[in-house]
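Let me begin by presenting the structure, written as structure tokens, before commenting on it.
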Amino acid sequence: MMRFWSRGRGGFRGGEGGERGLIHCLFPADFFRRVYLACCGVSRDGEEAISVVEGNVLGLSAFLLVILASLVVAFFVVARQTYLVYLRQLFRETYHIKLNDTVSIARRFDDGTGHFFLVYPQWRFPNKDGSCDRRRANNAICYGKSVLEVGGFRISSTQPVHIVWLVNALRRRDVTIAQSSEEATKYQQALRMKRMIAEANTLDSLVERYGESKSYTEFEKFCAHLFRAQGYRAEVTPATNDGGCDVLLYEGSELVALVECKCFSLSHKVGRPLLQKLYGANAVLHAKRLIFVTTSEFTPEAQKYACDLNGSMELVDGHALLRMMEKNVAPDGAKLPIALDEWKLTREDLVARYPPDYPPPAIDLG
């Protein structure tokens, strides 16, 4: 084979590469293509037209590929959205509950159990009390996923309050859902309150257990427990901002009464000013009834003040409180079974776990 020499960076070199180098030097890149077109009788103008057509065909092919890819993506997006709409409709038909648009839904294997867990929002850089550290310019709320698994569905949301609302709604329809860790804690507190009610059978024992030197919030929980035994939904107000009352009583979702609780020694009588404070609290909440509970007695001025309110304020002194306890405690000292309302999560429970400057949405949890 004839060998050619070509000039490279290091000088002249020989070999097959040299042959290719010499051919490229002698003939332009499109030489053979032009020869072929000339043999076919294609003029120079025709060559240019063919080049334009080839360019248009390549452009059109690329455009069609983009359109095809877009259609495939759109198909999968529409198919997924249609499937999610189907799942929401199936959940609604199964449990007769319409899901909030802010929650996500997916399928899961139905193992016959229902359970949930909550993950609370928190600031990326919080202060000691959980509020936003405003010294950090890039501070932001970080969300986790709270999850409920029930039947063949897995529901998730970045807002725990939506999951708790759904759990409470399902339980009202007799769907069994296991206690969360927060509910288990409340259940144990209710059991402890049950034992305390059984043991506190005299005014002296009440004052000794919940007296003025002790935590006053425990007496509020004690009274709320007694009202729950009467069929009310009782919520203890926050200790730092109770608005002038200690317990809110509901029938269903309707607020029916405000309760103020004072565990005083038998010699410390409740006067008119404390009753006026409770009456003032109702100017905002507008409950139908006001109830003042104490382990002691009321002064004559306080009794007259309550009488002048035409029966809208009820006074429960120590002796009436003992009668409430006797009525709602079995003869052997055992309390009635612990009701769901005593340990299910309320908005107040969630507020205590959210950052103080980022409360949960105002949703009635039922």
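Using the three backbone atoms N, Cα and C, a Cβ is placed for every residue, glycine included.
Per TrEMBL, transmembrane segment is recorded for 57-79. For the transmembrane segment (57-79), same-chain residues at least 6 beyond its ends with a Cβ under 8 Å from one of its own Cβ atoms do not exist.
Marked as domain 'Restriction endonuclease type IV Mrr' by TrEMBL: 215-325. Residues belonging to the domain 'Restriction endonuclease type IV Mrr' (215-325) score a mean pLDDT of 89 in the model.
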So, by DSSP, how many helix, strand and coil residues make up the domain 'Restriction endonuclease type IV Mrr' (215-325)? 45 helix, 30 strand, 36 coil
